Amino acid sequence: MRFKLERRETVSGLGLVAAPVIAVLATLLIGTAMFLVLGLDPLAAFRIYFIDPLTDPYTLQELVVKACPLLLIGLGLVFCYRANRWNIGAEGQYVAGAVLGSIVAIATNGGEGGWWILPAMLAMGAIGGALWGLVPAFLRVRFGASEILTSLMLVYVAQLGLDYLVRGPWRDPAGFNFPKSVSFDPAATVPLLMEDGRMHAGILIAIVVVIVAAFVLGRTLVGFSIELGGSAPRAAAFAGFDERRVTYGVFAVSGALAGLAGIIEVAGPIGNLQPSISPGYGFTAIIAAVLGRLNPFGVVLSSLVLALTYIGGEAAQISLKMPFDVTRVFQGTMLIAILAADVLVRYRVRRVEAPARDAAKVTAHA
Amino acid sequence: MRKILSMAVGLSVGLAAGLGLMGGAQAAEKLKAAWVYVGPVGDFGYSYQHDQGRKAVEKAFGDKVETTFVENVQEGPDAERVIEQLARAGNKLIFTTSFGFMEPTLKVAKRNPSVLFEHATGYKRAKNVATYNAKFHEGRYIIGQIAAKMSKSGTVGYIASFPIPEVIAGINSFMLGAQSVNPNMKVKIVWVNSWFDPAKEADAAKALIDQGADIIAQHTDSPAAMQAAEQRGVKAFGQSSDMINFGPHAQLTAIVDDWAPYYIDRVKLTLDGKWTSTDTWDGLKEGVVHMAPYTNMPDDVKTMAETTEAAIKSGALHPFKGPIYKQDGTLMVKEGEVMSDKDILSLNWYVKGIDDKVPGQ
């Protein structure tokens with residue numbers, strides 16, 4: 001006996017609304033069971049996870065700070081995934097952007113500063129990410145290499161490059177050999193928006209990008225060519241859209257946004273280059289993009305939800321003394337529930353009576 | 001409106017600080033103390049030992065303190081938020097136990113002047129940020145001597161984490177100890193560029209054994225290298241915690257971090273309102289570093305190790321006593337002198353006899 005997923009011909013509107021509700025209910029149910037087994041108060045856990053971070057001005061800012069890189073990278077991935085190009089290496093593009101952008105900060109460190117430093121850093125960051133993203137695009141177009149593999153492998157190349165730089169040429173001369181660059185000057189730092197907290201101007205850039213991305217994808221010929229190239233490549237070819245140009249284009253945009261996220265993070269919350277500059281944002285952003293249904297506004301929502309689960313998880317460790325692994329299991333439960341509900345609305349599970357081979361035999365006998 | 005708000009905030013912060021001092025003087029209120037770990041508490045190495053120290057605090061002070069910890073905190077943008085959240089959750093004494101938490105700790109400390117911070121292994125302090133570390137290199141001198149006695153091939157494999165002064169000083173101390181027994185000892189060093197990466201640590205151990213090393217020393221946090229040594233039938237030294245369970249036939253001894261005395265002392269000072277920002281660097285004598293039982297070795301080696309340990313404790317022996325030569329033969333510490341703490345803490349060169357290059361130089 002086998003099971004098969006079949007695409008539903010019509011997706012009911014009710015189902016689309018009900019899916020997230022069912023997902024949340026399932027999460028709460030499984031979560032309650034898990035917390036009860038561990039001897040934790042489920043109500044307190046849910047309050048700390050989902051309510052408290054949203055009611056404190058400090059954690060609200062933190063939520064946005066944590067969501068910012070996910071949002072920027074996720075938006076870029078929307079371009080790729082809509083075009084059916086599977087960029088898995090946003091983490092590497094993030095690092096490449098951070099490195100290239102930091103050249104400006106490190107070269108001007110201790111100097112007189114100037115208004116141009118930060119914009120130059122951001123531009124270099126975007127270029128760095130885009131160049132790193134264009135490598136798998138080139139390999140795909142020129143040699144037909146799978147961009148899934150090449151983009152992923154380039155992540156490690158970028159990370160090790162960063163590692164080399166902060167331990168070697170860019171090491172802080174006053175830092176006792178510790179692997180970290182000089183702390184960036186104020187002129188090379190993303191300004192904060194509030195006096196108390198870490199919310200920075202990178203958020204404003206992200207908001208602009210959301211609007212531009214929504215416009216380009218929804219209202220322009222470029223957006224249409226990406227969409228068509230992804231869903232019906234042959235039709236796109238007949239319509240005269242150049243498949244190679246789409247590949248280069250979406251990888252460049254996706255890489256640039258990841259690179260921008262990288263340099264904003266380094267010039268913002270971190271303040272210097274160091275061996276680890278991302279807790280896996282480039283990979284988490286893949287979830288953000290898919291969870292947001294490849295829609296720029298959806299990605300805003302999914303990035304915030306993901307950020308909430310991280311911050312809630314930390315808060316639960318602090319105030320409930322919940323073990324780290326439990327917070328991660330709970331986060332995973334929620335993501336699976338959301339994705340499962342999403343699949344079940346769009347597809348139906350059908351039992352296939354007998355394996356295909358036997359079925360053929362039966363027909364032959366008949 | 002904004003001005004009034006900020007005045008109100010200022011006033012309440014001032015009040016809170018005042019109340020905090022009063023609370024300290026009377027020691028009436030429960031002290032909330034928190035620990036931030038870079039690895040999982042189940043690493044059976046570095047973070048595990050810090051958590052043992054936290055548990056010792058709970059035991060020593062009972063319901064006078066309430067402790068919290070957050071594990072697996074990345075040394076990136078997340079660290080600052082975790083530390084800030086701990087401060088906001090009412091913790092008055094916060095220990096951040098990894099080097100990479102230095103800048104985040106200082107940033108949070110600046111915003112929370114009424115909270116006391118303690119940063120392990122760093123070098124930047126502030127009015128409310130103290131630093132602490134342990135003289136692990138004292139133990140490394142002893143294991144260097146043991147290695148030189150026990151090795152048949154004359155080559156030791158050394159798994160190192162990052163080329164920071166603490167690790168360089170450890171390698172130097174190890175070799176000075178080894179050379180005091182056998183001037184021709186050789187060491188092969190592999191840098192794994194991580195504090196905790198069991199797979200890499202095990203691979204490094206295997207590679208070193210394949211290259212002829214019959215003793216493995218490590219400056220990383222997991223027992224993976226010990227397990228590899230046990231499997232391949234060579235000897236090894238544990239790191240941070242007693243790893244005898246992972247290498248019953250392999251472990252010669254282990255350099256154990258025991259943070260309990262320091263943590264208990266600092267919590268007591270906080271309760272008494274006498275906490276000040278200090279830089280603490282204790283070793284074998286104070287008990288922050290101690291040696292696991294000497295096992296799997298003949299009695300004469302054991303006696304030698306015990307004698308050396310006693311000599312370091314009494315101050316009769318200093319691992320960095322001259323004459324010490326740099327790799328190229330330059331005399332760095334004269335006969336009869338010892339290297340200053342400051343110089344040890346910023347070491348970035350190898351002693352003579354180490355056939356390797358400090359990475360990045």
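Using N, Cα and C of the backbone, Cβ positions are placed for all residues, glycine too.
Copied over from TrEMBL, here are the features:
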type	residues	note
TRANSMEM	A:12-38	transmembrane segment
TRANSMEM	A:58-81	transmembrane segment
TRANSMEM	A:93-110	transmembrane segment
TRANSMEM	A:116-139	transmembrane segment
TRANSMEM	A:203-226	transmembrane segment
TRANSMEM	A:246-268	transmembrane segment
TRANSMEM	A:280-309	transmembrane segment
TRANSMEM	A:329-347	transmembrane segment
Contacting positions for the transmembrane segment (A:246-268) when only residues 6+ beyond its ends and CB under 8 Å are counted: 65, 68-69, 72-73, 75-77, 79-80, 82-83, 85, 87, 90-91, 93-102, 105, 118, 121-122, 124-134, 136-138, 140-141, 147, 184, 188-190, 198, 200, 202, 205, 209, 222, 225-226, 229, 236, 277-278, 281-282, 285
Residue numbers, six or more beyond the limits of the transmembrane segment (A:329-347), whose CB comes under 8 Å of its CB atoms: 5-8, 11-12, 15-16, 18-20, 22-24, 26-27, 30-31, 34, 49, 287, 290-291, 293, 309-310, 313
Ranked first among A:58-81, A:116-139, A:203-226 for CB pairs under 8 angstroms with the transmembrane segment (A:93-110): A:116-139
Cβ contacts under 8 Å made by the transmembrane segment (A:116-139) with residues that lie 6+ beyond its boundaries: 85, 87, 89, 92-94, 96-105, 108, 145, 147, 150-151, 154, 158, 185, 187-190, 205, 247-248, 250-260, 262-264, 267
